[in-house]
Each structure stands twice: as structure tokens, then as C-alpha cells.
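Below is one structure, written out as C-alpha cells, with a few remarks after it.
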Amino acid sequence: MSIQITIDGKTLTTEEGRTLVDVAAENGVYIPTLCYLKDKPCLGTCRVCSVKVNGNVAAACTVRVSKGLNVEVNDPELVDMRKALVEFLFAEGNHNCPSCEKSGRCQLQAVGYEVDMMVSRFPYRFPVRVVDHASEKIWLERDRCIFCQRCVEFIRDKASGRKIFSISHRGPESRIEIDAELANAMPPEQVKEAVAICPVGTILEKRVGYDDPIGRRKYEIQSVRARALEGEDK
């Protein structure tokens, strides 16, 4: 059913029940995301897509549009909130962009540029997390993980449907885990899918590195904003 909603004072016509992030993008309004993937079940873990819906802060990827919805995206308070959330993620992990293999292809890095982050306002933690290289095909850089849970939910063993990745422990001790036995059975295309689905440089394919020349990397060719507005990258 066609309905009308308002985004930043502009009245739009869309279909009831669609995801707010997608509706906004189709109407030229960019809302940054890190855990959301178009046409996949919503995770709502990163909160980087926070907006106001009828006066209340909500994660846009979790909101299904309905008649009369009033959405604020570019309010200064919200813009700073989203920037702060990105800064938190940079401060919590070890994101050394110049030396990271994912630089230029990293969604966190690209979103950082979009929210005008230069340096985090929060003290950096520099956590020490053990690298997991038990798998024959995947190198797991735990200290870069932002716990978006994309890999946990969407990368599964082809035969059994079991999860290949998981998160163990709680709070500051949380860390990403990999089932080496299941990972060793992953076909090459699924390994590449796992690397691509990770928004940072946590999941890396062994024996493949720095194969995209500077100037030809994903977000150098087209920004994360442009990709999102075209529905190609969330």
C-alpha cells in the first residue's frame, strides 16, 4: 500500500513496510550503516544509522515505514551522534588504516570520511587480541572487529547450515571466533564472500594481499555514499 512519510521536512511517497534506510537512499538521503546489508535480515548492531522517528532516536535499519512517519536525519545533534558512534568504533579497536590490507575497501574507513571524522574524541584503547590463523584459508585479525555480526549470521556452512563464525565472551573480553574445520571446507567463492561482507579488515584471505592498487580500490572508485544511494552498497 502506498503511504506518505516525511524525511527532513520533505514529503515522500513509498510502500508501507519497507526499510527506512532503503527508502531514504532511493530519495537521495544518505544514512550511514555498517551492519546493514540490503535484502538481508536486519541486525541493528552498530547503531551508526541512528535517526529520529517521530521524535525518538531509532536505528533506521530496524524501522519499517508506516503512514505519517516523521523522520529527522540531518539534524545537527543526530549528525554528531552518528559521528561519535563511528569514533567509538575507531577508539575501541586497532584500526591502523595505512598498513591495513582492507584500506580503500574498508566500509568503516569510508564511513569515517563521510561523517568528517579526523581523529576520535575518545581515548584509544589499543586492545590486545590474539590473531587466529588456525584456518587454512582465513586469517582472523580480531583487534579490528566491530562486532557487526554480519559474518556470524550470513556466512554458514553450505552442507549443514552451521555458523562458521561466532562471538565468544562478553563485554571488553568479547572476541570473534572461527570454526577452523568448517572454514577449511569453505569453497573459494565463499571465502571471498566472507572477506567482502566484513566491513573492516578482520576477515582476510590467506595468500592474497594488497591486490588492489591504490587509486583502484573499492571506495576510491566510488564513495560509500554514492554506492548506498544507488542501492549497491549499504
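Just so you know, glycine gets a Cβ as well, placed from its N, Cα and C.
Annotated [4Fe-4S] cluster 2-binding residues in Swiss-Prot are C145, C148, C151, and among C97, C100, C198 the one listed with them is C198.
Each of the binding-site residues C97, C106 was ranked by the number of other C-beta atoms within 10 Å, and first place falls to C106. Checking the binding-site residues (C97, C145, C198) against C46 ([2Fe-2S] cluster binding site) with a 10 Å Cα-Cα cut-off leaves nothing. For the binding-site residues shown (C100, C145), fewest C-beta neighbours within 10 angstroms: C100. Put simply, C151 is the one of the binding-site residues C106, C145, C151 whose Cα lies nearest to the Cα of C61 ([2Fe-2S] cluster binding site). When the alpha carbons of C145 ([4Fe-4S] cluster 2 binding site) and C97 ([4Fe-4S] cluster 1 binding site) are compared, the span between them is 14 angstrom. Neighbouring residues of the recorded [4Fe-4S] cluster 1 site, listed in sequence order and excluding H95, C97, C100, C106, comprise N96, K102, S103, L108, Q109, R144, V200, G201 (Cβ within 8 Å of the Cβ centroid).
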